[in-house]
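If you look up TrEMBL, you'll see B:4-517 marked as domain 'Cytochrome oxidase subunit I profile'. Residues or ranges marked as transmembrane segment in TrEMBL: B:17-38, B:93-118, B:138-160, B:181-204, B:224-246, B:258-278, B:298-319, B:340-360, B:380-400, B:412-432, B:468-488, B:520-543 (among others).
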Amino acid sequence: MEIHRYEKIWLAGALLLIVGFIATISYGAVGAGIEMVDDDGGQIEPNAISDHPKFSEPGTYKTGENEYDVYVVAYQFAFDPGTSDPIRVPANSEVTFHITSRDVVHGFEIVGTNANTMAIPGQVATITVEFGEPTEYGLLCHEYCGSAHHAMEGSIQVVPQSQWNESMVVN
Amino acid sequence: MATFVDRYPDEAKVVQASFAVAFIALGIGAFFGLIQALHRTNILRVIDSVDYYTLLTAHGVLLALVFTIFFLVGVFTWAIAKGFERPLPDIRLTWAWFGLMTTGTVLTAVAILAGLVPEIPMSADVLYTFYAPLEAHPAFYIGLAMFIVGTWMAGADWFLAYRDWRGDNPDERIPLQPFMVLTTMIMWYVSTLGVAVAVVFFLIPWSLGLIETVNPLLTRTLFWYFGHPVVYFWLMPAYLLWYTVLPKLAGGRLFSDPLARVVFVLFVLLSTPVGIHHQYVDPGIAEGFKFIAMTNTMFLLLPSLLTAFTVVASVEHGARQRGGEGYLSWLGALPWRDPAFAGMALAGLMFAAGGFSGMVNAGMNINYLVHNTLWVPGHFHMTVGTAVALTMMAGTYWLLPQITGKTVYSRPIGLFQVVLWFIGMVFMSNAMHRGGLLGIPRRTAEPQYQNFDFAAAVGSVGEIRMQIAFGGLLLFLSVVFFLFNVAATWAEDRVDTPVDDTIPAPLSPPSGAPLILDNLALWTGIAVVLVVLAYTLPLASIVTDSGLLGSSPGFPVAISLEALAEAAASALPHVSLDAAAGLRPLDVAAEAAETLEVSR
Amino acid sequence: MRQLSPGLFLVLVAFTIPLAVEFRTVAGFFGFDLPFISMILFEVVLLAILTGVYVLGRLTPDEDTATTS
């Protein structure tokens, strides 16, 4: 098959671009350590969330020095915690969110950041994020979940270490 | 000189009917799009926010599935008859698939639009992705299944035409346009298998109450198994027009026939084993599978980059035939006054921009920033909403005369209309991308929240909203002009030569292409192997984890009274939030209550 | 002056819009926060230049380029 010289140059450039993209993404995964949401969170029975040791009492759990787990249950049309009570985490901490849904598919996005995952009934999504200075973030559901989807929102309070106390954790 | 309608009057009728359905869907869908653009930007709210999702479902289904695919079956029927230079084997089969597709469409559309009428106990506000366990009326799923089966029969019709042609021409190369049709349909058969299994084995029995529960991650994964190749299904008729018609309109001929075949074969191979890239942030799917989908997706850039070269080279050749000179000034020698050419050229240009924003989506880790934000609809309004839709509208100005025997009513209106689409999309899509970067979500009636505001880096959120609304208005006007022009063309009188419908032979003829490229069975086999490799393990692990039928019963989109009270109560931000927030909750609660009242 | 066809003129007008819309973003990268009105002014300037070229091309058709449709 006859391939014109310019076509060959273009083809080589295109392949270089593709390999370059894959290389930068691989670097992001391996070098910069950006992990994908995967199957680590395991499964949960969506109709029996109240039997789960942690999701039955969702909220912030301390797991180590400056390390916390936050369990969040999404449902039509709120996050628990998050909506009626804000999610509270201490400043300068590493927090792993465990998110599931007890009804339909929801989304979980911390506004203005790249903390973003799906909440799928039967599955537990885990994402680990680092919080810095004390501030407040918005929280929203980004997957259509029913007729009041637009009302599904909440907030995350990053509390100064000095004001952080035991009442803010569940265990 | 006779044109298509004179040579193949029966086929021309089917193409006309397909186009008519496509354009009706376009008009309704575009109108709903305008209402949404004005609603979510809070400029004009003529509907209730609950009905927003009904219109959004209709907008997605009518434009992304009905308009594109009905136009596609029209173009493909035209390409098969014209390319093989023979009528279709049995016109009754052709009308049968058209009838089945149309019936399915009507059934689905009724199920969706009944959501606007509270008296009718039917609802399908599940958007065009219909993620379970949000449940739609069974008619929605049954209509979709009929529509898909209709497209399968259409493919069978075209393959039968190929068999007949092959019988008479045992040693000839498959003509280029039918080659594109057949490869596209192979891709379609492989990829629709996923959605067919999801709908027929799980969603229809579940919505009818025959099975209690579904596995949401399984049906979701099966949907995306189909959900990415479907975008290539929309794109392939546009590619067919760019490869075979655009160079001719530019005054020249296709640069390379063999390379065009390579591109379509690459789409057969790579379109399907990439769907998991829509599920980068889904739990329950291991990172390795996502990485495989990512690499496949990146290699899928190759056929589009090759297309960019071949199409631009062909257009440049055309411009030089017309007397164009210099490195760039040949661009001025192109027939910009021709709406068919200008529309396709603008569509191709915007596809380049849309392709780059797609590369961002495909970047697994950067996708965290844009997943399910307004960036995503910004992206696909450039690709399916412009590369495909604008090419189809532009192509209409060249195809409609051939299938009706009538000249285009007004070429200036046509040119104005395609340019207006481009401008409208620049405003809307650009603003959507930027809104997405700020975290504004997609698929939301009111992205105006009580607990927080979105912060813009340059400009303001208000400007972004204005641009979206303004762009949406221009796009709607463009569709109005288009439909007027089409209707006026249809009302004209028949003439002898409505348009020059010859397609010149490519510069590099098909004889230069290796014979293996025409071996459709081989490419089908490899495509199936790649799909099996990419999907067996993820699907097996999803089924092992949560069971084939899972444990999610159906949930209605509109919720009960108790849930109303709960949603209203939970909308109250906590008292310890800053004092200013203290005043807002009542509004939210009242609003939520209002919303839900209507939904009952 | 090269003569622009009305069709090409319209297409070029369309191209000025993304330039004008993103003009402010580019300025933002370099630390200049321009007001909204600057976008409109920039668009007006671009349109004025284009119109100038178009009109001049019509007034002084120095060679026979009318074949460009």
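Every residue gets a Cβ built from N, Cα and C, even glycine.
In this chain, the transmembrane segment (B:380-400) touches the transmembrane segment (B:224-246); three or more CB pairs sit within less than 8 A of each other, excluding pairs fewer than 6 residues apart. Sequence-remote contacts of a segment are chain residues at least 6 beyond its ends whose Cβ falls under 8 Å from one of its Cβ atoms, and for the transmembrane segment (B:380-400) they are 15, 19, 22, 26, 63-64, 67-68, 71, 74-75, 78, 231, 234-235, 237-238, 241-242, 245, 249, 338-344, 346-348, 350-351, 353-355, 357-358, 406, 408, 411, 414, 417-418, 421-422, 425, 428-429, 432, 482, 486, 489-490, 499, 501.
If you take every residue in the domain 'Cytochrome oxidase subunit I profile' (B:4-517) and average the pLDDT, you get 94.
Long-range Cβ contacts of the transmembrane segment (B:258-278) within its own chain (Cβ-Cβ under 8 Å, at least 6 residues beyond either end) map to 176, 179-180, 183-184, 186-187, 190-191, 194, 221, 224-229, 232, 236, 239, 243, 285, 289-290, 292-294, 296-297, 299-300, 302-303, 306-307, 310, 361-362, 364, 506, 508, 510, 512-514, 517-518, 523-524, 526-527, 530-531, 533-535, 538.
Below 8 angstroms of C-beta separation, residues 76, 79-80, 83, 130, 132, 138, 141-142, 144-145, 148, 151-152, 155, 158-159, 162, 174, 211, 214-215, 218-219, 222-230, 232-233, 236-237, 240, 264-265, 267-268, 271-272, 275, 520, 523-524, 527-528, 531, 549 of the same chain, each at least six residues beyond the ends of the transmembrane segment (B:181-204), sit close to that stretch.
By the Cβ criterion (distance under 8 Å, sequence gap of 6 or more), the transmembrane segment (B:138-160) is counted as touching the transmembrane segment (B:93-118), at least 3 such pairs being found.
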